[in-house]
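See below for the structure under consideration.
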């Protein structure tokens, strides 16, 4: 089978080769003997370029990855016939990081970035989801909501003010969009400084090593490159029911919505759904979340349920086990009025409700089906559109790599894409061999009560190590800042999962509380270093903080002891 890989490699490079099949040649054994004496290699394939011995399949791929194969082939087929060393499709976190690193290493690089407008016509600038319609505006609107809570708390701390407090949506959106605009500009500037060619065009493969780029006006240009990186990311999924694309919005539209959304139905239970529902409720809106099955699939379910419970006590309504079947417009306006019909997932019940805005957050689809991958033979997972790659982020077509959210079975997180993009460029052009580490990556869900985690959810840990081999330590805690306003006692929660068979090594870290992202980032470094329960116990806490709870955890889940907090 190995010789097929080598043949595929040469075909993909557009190089003509001659294959001598020893098993069907009469004097095959004697040729093999001569080859063995010449090259010290007894296996096939045995690859030569222009008379020079390269080696077997692995050696050929290694030569391809570090560029020596291309240099040798350069005499046969001039590598300079390409317009660029590298073309990257997608100017988001991963694509930009990869392009800048490759340019720094002296390569001629092009980035194509194009935002297909949403059904409502929303588009945005260079930088990808995170900057424009993801992490950045989400965290800023989460902060806006936290400030509302801080205002309420402030009265208990002696702040007196007469003025009726209300929130102005338009002012917030304008401020958020101004900041995003400055980031878009910064990205363009930094590409220019590094001499990366940027084109606001939609890229599509038309033949090996060649893409067609179409701009907003429909003008087409063609470009060739030796290597390509797919960094196209994902876009929100629609329900496929009457009225969804006509009347509903997604996170792509929310952050630049020119009017306050009013009474909102959020459909979905993803982190995007819960984060948006959380800050909209925090800004004083009437918010309902419609959930098909469970909250935060893939995350620790104990933590997920605690997040849901906290949101409910803070005014978010949950409709469980229902899915929308139709959305109708009752009245035009900004916002208008919509009627939503939904059906139970368990019985014949039908739900009907009226809302000003319906926000769909039911998942995201990889942007891989309309970029000509089938033309050049790149395989995708037909079920989810994602791209399978090896541990070098290389697809089944050797000169095509992929990074970021479109990778099959990898994490959909901005810092992961950035890291993978940078390291890929260094491996391709900087002689590095460092691969992206997808294990123990920390993350945080910015719900009103933030949830930070690193390592395995409890369910996954049990699956992997067996319940009897784990010890779970946990504690509720009450942030000092909340004691004076007297709110939310025994809602913040900390949990660590330890592997008893490996010195009580921490395999899962979970925290639900204020500033969970800041807390988790620090512990993530310790987990990377192989943190154990003993080391945590030897760590002296900083008092008074929320994070110190992890240095004094002595109650195990298995003991069944009470973990409620009574004071300092």
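Quick reminder: no glycine exception, Cβ is built from N, Cα and C everywhere.
Heads up, TrEMBL stuff is auto-annotated, nobody curated it.
What TrEMBL records for this protein:
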DOMAIN    6-54  domain 'Glutaredoxin'
DOMAIN    84-421  domain 'FAD/NAD(P)-binding'
DISULFID  130-135  disulfide bond
BINDING   139, 203, 405  FAD binding site
BINDING   268, 269, 270, 271, 272, 273, 274, 275, 363  NAD(+) binding site
DOMAIN    441-553  domain 'Pyridine nucleotide-disulphide oxidoreductase dimerisation'
ACT_SITE  543  active site, proton acceptor
* So of all those recorded positions, 130, 135, 139, 203, 405, which one's Cα sits nearest to residue 363 (NAD(+) binding site)? -> 405
* To do: List the Cα distance (Å, whole number) between residue 268 (NAD(+) binding site) and residue 135 (disulfide bond).
  => 18
* Structure fact -> Candidates 203, 405, 543 (recorded positions); nearest Cα to residue 130 (disulfide bond) turns out to be 405
* Structure fact -> Neighbouring CB atoms within 10 angstroms of the CB of residue 272 (NAD(+) binding site), all protein chains considered, total 23
* Taken over the domain 'FAD/NAD(P)-binding' (84-421), the model's mean pLDDT -> 97
* To do: Could you list the residues of the same chain, at least six apart in sequence, whose Cβ is under 8 A from the Cβ of residue 405 (FAD binding site)?
  => 129, 233, 234, 364, 366, 412, 417
* Nearest to residue 135 (disulfide bond) by Cα distance: which of the recorded positions 270, 272, 274, 543 is it? -> 272
* To do: Determine, using Cα-Cα distances only, which of these recorded positions is closest to residue 272 (NAD(+) binding site): 139, 203, 543.
  => 139
* Please list residues from the chain of residue 274 (NAD(+) binding site) whose Cβ is under 8 angstroms from its Cβ, counting only those at least six apart in sequence. => 289, 295, 296, 307, 308, 311, 445, 447
* Using C-alpha positions only, work out which of the recorded positions 139, 203, 543 is nearest to residue 270 (NAD(+) binding site). => 139
* Between the disulfide-bonded residues 130, 135, where is the Cβ count within 10 Å the lowest? -> 135
* Asked: Non-local Cβ contacts of residue 203 (FAD binding site) (under 8 Å, 6 or more apart, same chain)?
  -> 87, 89, 112, 114, 211, 212, 213, 371
* **Helix, strand and coil counts within the domain 'Glutaredoxin' (6-54) (DSSP)** => 22 helix, 6 strand, 21 coil
* Asked: Applying the rule Cβ within 8 Å of the centroid of the Cβ atoms of 268, 269, 270, 271, 272, 273, 274, 275, 363, what extra residues of the same chain belong around the NAD(+) site?
  -> 266, 276, 296, 361, 362
